[in-house]
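As recorded in Swiss-Prot:
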BINDING   Gly421, Asp422, Glu449, Thr499  Ca(2+) 1 binding site
BINDING   Asn539, Asp540, Glu562  Ca(2+) 2 binding site
BINDING   Asp642, Glu665  Ca(2+) 3 binding site
REGION    384-715  region 'Actin-binding, Ca-sensitive'
REPEAT    260-306  repeat 'Gelsolin-like 3'
REPEAT    524-564  repeat 'Gelsolin-like 5'
Amino acid sequence: MTTELEIQKAGKETGIQIWRIEDFELVPVPKTNHGKFYTGDSYIILKTTALESGRGFEWNLHYWQGKESSQDERGAVAILAVKMDDHLNGGPVEHREVQGNESAAFKGLFPTITYLIGGVASGFTHVEINEVEDRKVLTRVKGKRPVRATQVPIKWTSLTDSDSYVFDIGKEIYVWSGPKASHFEKNKAIQYADGLKNERQGRAELHHIDSLDDKESRTMLKDFFGEAFPGSIPSGESDTVQQVGTTIKLFRISDDSGTLKITLVSENSPFNQGDLSSGDTFVLANARTNHIFVWKGKDSSRTERASAANPDNSFFNKIEMPLTSKLTVLPEGGETANFKSLFTNWKSSRDQRGLGQVHSINKTAKVAKETFDASVLHSNPKKAAESKMIDDGSGKTQIWRVASLRKEPVPKELYGQFYGGDCYIIMYTPQRGANVLYYWQGNKASINERTALPIQTKNTHETECDGNASQIRVVQGTEPPHMMMLFGGKPLIVHLGDTISPTGKSKAASTRLYQVQSFFAGRCRAVEVPAKSSHLNSNDAFLLITPSGSYIWVGKGAVESEIQGAKDTAGILKISKYEIINENQEPNEFWTALGGQSDYWRDEREEGVPVEPRLFEMSNATGNFIAEEINSNYVQSDLNPDSIMMLDAWNYIYVWIGKEANQEEKMSFKSLVDNYVKTDGSGRSKDIPREVFDQGKEPLSFTGHFLGWDKTLWD
């Protein structure tokens, strides 16, 4: 009866509700104990959020299983989660959480997660923990975001040299950190102990232990452990987190034959949305992130849905995933951005939310001409984050072409023109703030030039910028909005071939075809393509230059800024006369110049799916790429000065180098980022621009991803 009443209360107002499973019933946990979990128990956590429309709610339902919880409790929590999901009409996104391997969404619910020894079977209940008498508790503080405070047995062997500990004896609270513990964990242990002190309203004293064998602490520790300090503390293991694997597979769960079967649909990601059908339940197993998604078709049977929501060992064996994998259950129509990013051109009717933009996978959404007001960037950080802009590009620009082991200045009259067979360094000096170095790699650049490019960029960073510049790697075709703004409103032009003359220009072909696309604030790229009709595209405008005359071809989907961009390109290339023709109204001479009429792309470009930015802390401690994803509600204080952080904004990657990051990480982070992009299963371009900068030199486009950025936070 208690369970039915609690389910009726679930999800009716915004906030977090938590229940512990006691004798197969839901028992609410007081808000003062949210974030504290007994390792012998299982819990349901429901987060309710109001829709932006104001008409209803959306829910994230987590069912958490402690490492020491019984099989009955684990089964009960899954069954009760399904009941709550049914009560909410299948609307929640469900997450199976295993102690120590919780999802980023779960970790984002609590500033600290505390694991308490015992459980309901041992008589432990969630009561106000502010008593100061008869206490003896040893807590290990480990991890980053959030910190995990785990009660451990009161033995000397529970200590390691890489973690921090809190010795709680009621009226006295002691903090000790191993010599290899990070600064971050040391500070968090102090904060955790200070929180215990505050709970006791001044009835406890806080002390710091510098050495386990000094005179002041020797007596206390002997009383606490029941024996003297053994003389040494063992080494601890690193808090290893997410390791990239290799496979991403899609399975179908169906009981159409009368027997529940799991069959492989595809192991070639990104998948097609058409691989899913409403009549069945599907499982997407991502071994690269140890994450399992269960997609519930709206017409799938309850048996199919329940089998995936409460999986047994055979389920994990069948899909070749570890038992500790994160598991997220999604209703049809309630797919998360991370799930949709593993499909090509997912079509959704749901509105976009958050800082993420709608980006296309291997496509580019065009933007009509608009006025860009750089003054709003400082007052509107979100705008800076969305636009990837630091200013309006009106500062000073200097460009060099990289030739083998040297760089050559590009004549100013050729600024904005690049050759696809070359590499370039663009140094931008804004009117305020640090310099920006774009190092641009043409798609046809030689291996020698591609190798020399980062070396010459590093040299430029030291000699021209005094070591004070953001460095942004750009591959042809992925130029970020700010780089597009550096050429006085003119198109960015990319020619075929490479530079072979001292003037910085290569001899042009007699017939040339330039594809013109509009992007941020109406700025255009004009890219030379082979002069064949098969390279036309109905979505764009084209400039065709021939010995007998020139044409601007206007595709049916071209916007005004693209037509103007084609005109501007003609002017830059000294083409004073041209004929403007619309698609399907071409003269014979036009097709003759292109080698005859043939098929070309005529379909409208599709928009991609909304993908919200993701923050990672990077590590190469094991020799493989390892990244810990920070909870989805990340804040500025999640940036760890001891580490290198990566913010994946989908079509742009930021790398933040903390002041205390070690030299090995600084030397290897580029390969770690490359591996991250290479192993991404979304199908997006592997040539995403990457911007690298030091702590304290963050661009507006980065800080705008953090609510209320504080420049003095680390002072």
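The backbone N, Cα and C atoms fix where each Cβ goes, glycine too.
Around the Cβ of Asp540 (Ca(2+) 2 binding site), a 10 Å sphere holds 28 further Cβ atoms from the protein chains shown.
Of the binding-site residues Asp422, Glu449, Glu562, Glu665, Glu562 has the largest number of other Cβ atoms within 10 Å of its own Cβ. When Cβ-Cβ distances below 8 Å are used as the criterion, the repeat 'Gelsolin-like 5' (524-564) is approached by residues 366-369, 420, 477, 479, 484, 491-496, 509-518, 570, 573, 575, 577-584, 586, 589-591, 593-605 of the same chain, each at least six residues removed from its ends.
Each residue in Arg401, Val402, Ala403, Tyr419, Gly420, Cys423, Gly442, Lys444, Ala445, Ser446, Asp498 lies on the same chain as Gly421, Asp422, Glu449, Thr499 and has a C-beta within 8 Å of the C-beta centroid of that Ca(2+) 1 site, without being one of the site residues.
DSSP gives Thr499 (Ca(2+) 1 binding site) a coil state; it is part of no helix or strand. For Gly421 (Ca(2+) 1 binding site), applying a Cβ distance below 8 Å and a minimum sequence separation of six or more within one chain yields Gly442, Lys444, Ala445, Ser446, Leu496, Gly497, Asp498, Thr499.
Taking the Cα atom of each, Glu449 (Ca(2+) 1 binding site) and Asp642 (Ca(2+) 3 binding site) are about 34 angstrom apart. Contacts of Asp642 (Ca(2+) 3 binding site) defined by a Cβ separation under 8 A and a same-chain sequence distance of 6+ are given as Ser182, His183, Phe184, Gly658, Glu660, Ala661, in order along the sequence. Confidence for the region 'Actin-binding, Ca-sensitive' (384-715), expressed as mean pLDDT, is 85. Taking only the Cα positions, the spacing between Asp540 (Ca(2+) 2 binding site) and Asp422 (Ca(2+) 1 binding site) is 25 angstrom. In the three-state DSSP reading, Asp642 (Ca(2+) 3 binding site) counts as coil. The two recorded residues, Asn539 (Ca(2+) 2 binding site) and Asp422 (Ca(2+) 1 binding site), show a Cα separation of 28 Å.
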